[in-house]
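Have a look at the structure below before the remarks.
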Amino acid sequence: MSKCRKTPVQQLASPTSFSPDILADIFELFAKNFSYSKPLNNEWQLPDPSEIFTCDHTEFNAFLDLKNSLNEVKNLLSDKKLDEWHEHTAFTNKAGKIISHVRKSVNAELCTQAWCKFHEILCSFPLIPQEAFQNGKLNSLHLCEAPGAFIASLNHYLKSHRFPCHWSWVANTLNPYHEANDDLMMIMDDRLIANTLHWWYFGPDNTGDIMTLKFLTGLQNFISSMATVHLVTADGSFDCQGNPGEQEALVSSLHYCEVVTALTTLGNGGSFVLKMFTMFEHCSINLMYLLNCCLDQVHVFKPATSKAGNSEVYVVCLYYKGREAIHPLLSKMTLNFGTEMKRKALFPHHVIPDSFLKRHEECCVFFHKYQLETISENIRLFECMGKAEQEKLNNLRDCAVQYFMQKFQLKHLSRNNWLVKKSSIGCSTNTKWFGQRNKYFRTYNERKMLEALSWKDKVAKGYFNSWAEEHGVYHPGQSSILEGTASNLECHLWHILEGKKLPKVKCSPFCNGEILKTLNEAIEKSLGGAFNLDSKFRPKQQYSCSCHVFSEELIFSELCSLTECLQDEQVVEPSNRIKCLLVGFSTLHNIKMHIPLEVRLLESAELTTFSCSLLHDGDPTYQRLFLDCLLHSLRELHTGDVMILPVLSCFTRFMAGLIFVLHSCFRFITFFCPTSSDPLRTCAVLLCVGYQDLPNPVFQYLQSVNELLSTLLNSDSPQQVLQFVPMEVLLKGALLDFLWDLNAAIAKRHLHFIIQREREEINSLQLQN
């Protein structure tokens, strides 16, 4: 008998067991496909390159009418509570049960809505050219791919059907680990990314932004080992919650860059899948005409598992004619690559045949009709849904599951055939970021009102009270202890990653995104992004912070306790006098207790006087100073010694790398925050206990990093060192948890100062009035 019994998957009835009206609804749900049948006279031809980018954008009235009528219906949703509306539409979604059933029944890896959508596309169109099967090799490129569900879906499709080909893939997305990226623009789920980083290309600047010409050039070099690219997918979009009626216009530049990248990299006869939304505007019409001229077949497809009430569609393009056929035009289009497309239109009106416009209008009307019907029906059911309608919806959802499984013939895949058979990373940003990205607790109108509030109004209305109150009772360090383990630091496999200097730190895999975002807003709105500590933020005599400051005596008491623990474990010989290196301090104050340690001072006044700013610990000057102090300290330490090291914050990969090195050469690391009453200065210290020696190759590697830092700073280079320890190493569970605790304590301390000061000023003004 098997020791491990699998949870049985619920047996499903045949679709034919449902009533004809239920079946008719489900057939229609799975039939949202429109094909561009080309005219026999072959009049859909690309214009002469001299005609592109010569005219202004001029919209077509017929398409604008469709856009306006759709937005009129969308506007009816503006006063709906987002959490209530999403709960409602989740229930009315006829395909709502498919994802969970697929996940359980076929053991699908990273089974998300995107996984199911792409599986529908794979099973509905001949995406993989016959050449790939004939040659036994398939190459695919996936743009804007996070979290990687298209790749996981394709892997399941190939492995479960046992297609006779070796598959290689390369993917791109906005780098979830790059500090200058905005987390609102990204999908912060890195379950696949963290374990397959070698196959992800983030461009020469490491941001992952495809909307630069340097990215396109770099990508071509990155995939140069692929003889031909058979399939390109592009699943990009922006968060358009702030302006849903203009989604098409907001993503037009991204779609342009995705299309140019695909046409530049795709091999002859290859396939291209592009996510689009409504296609009413001139820029979208031009791209659709371009694709119809460059590929033999173009289909617009809305998968059943794509929510019926949104504008999302997938443009499926088959049998690419090749770069040679469009080379002169493609070269000119490449010059227009970037975030800000030229104000001129790709094609003037007169080069687009009426036959194409007619066919495109039919396509837009086709999907417009389905979307309007869905939104209107959802509004009707939101206001009143009886038991009969609930029962019908449940039947529809059950039938959709049956139909999906029968139509696409999904097969079970063992975990041994997954892309990530066993995660090498104990904890990734996914588990930390879960639930943070979208907080649907306000209506669209309420969110617009909140955006309109000034920073001072938000403070006055108490929007940030929870941060200050939570910080007031927060006692970090007492439970945040990072235990070191003997590990082989394979620094010969590491490499130093350079990139463009960070303008500010917006994102960090080592901190709660909401806290960092709020702190940045506080710095920017309250302090203008910089501090003048001699004036505005020098505390007045009567100003005091309600949070407790940890004294030097308390810190040394904790240090001695941890040292005694090591002696009890016989890690340190009791007879040896332990040295305590105090970094960055010129003297000791107010210590009345007996310290059974040999205390030595390593002065570095600058290290403790750095102020919090929008750059945080991303300032290369601070990073060089911190590393320099660390290298000097390590030369002084012997086995069993301890060190107290002040730290500004650890939001960046660079600083996280240094904490990892400390983690590797000390038995325990903990922290105390706040340790200073100075506003917005360095307010945390690391207690590093039980030095275990740092291998010489690692020390030499750190020296080379330090030398590069100095060279870049002295030459006023536009580059800086972004990373020197692999992300796979930095995302291990215990280290990641420790960094989250440390950064939360530091950020909340700074927020407390700013918000409390703002409150004082507001109260003072109110008293004067």
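Any Cβ shown, glycine's included, is placed from N, Cα and C.
Annotated features in Swiss-Prot:
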type: DOMAIN; residues: 109-322; note: domain 'Adrift-type SAM-dependent 2'-O-MTase'
type: ACT_SITE; residues: Lys117; note: active site
type: BINDING; residues: Gly148, Trp167, Asp235; note: S-adenosyl-L-methionine binding site
type: ACT_SITE; residues: Asp235; note: active site
type: ACT_SITE; residues: Lys275; note: active site, proton acceptor
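Of the listed recorded positions, namely Lys117, Trp167, the sparsest CB environment within 10 A is found at Trp167. A straight line from the CA of Trp167 (S-adenosyl-L-methionine binding site) to the CA of Lys275 (active site, proton acceptor) spans 23 Å. Per the record's binding annotation for S-adenosyl-L-methionine, residues Gly148, Trp167, Asp235 show a top Cα-Cα distance of 20 Å. The 10 Å shell around the Cβ of Lys275 (active site, proton acceptor) contains 22 further Cβ atoms across the protein chains shown.
Proximity note: of the listed recorded positions (Lys117, Gly148, Asp235), Asp235 have a CA within 10 Å of the CA of the residue listed as 'active site, proton acceptor', given in sequence order.
On its own chain, Gly148 (S-adenosyl-L-methionine binding site) has Leu110, His142, Ala171, Arg191, Leu192, Ile193, Thr196, Leu419 as residues at least 6 apart in sequence with a Cβ closer than 8 Å to its own Cβ. The separation of Asp235 (S-adenosyl-L-methionine binding site) from Lys117 (active site), Cα to Cα, is 11 Å. In sequence order, Ala114, His142, Leu143, Cys144, Glu145, Phe150, Lys275 make up the list of same-chain residues 6 or more apart from Asp235 (S-adenosyl-L-methionine binding site) whose Cβ falls under 8 Å from its Cβ. The DSSP secondary structure for Gly148 (S-adenosyl-L-methionine binding site) is coil.
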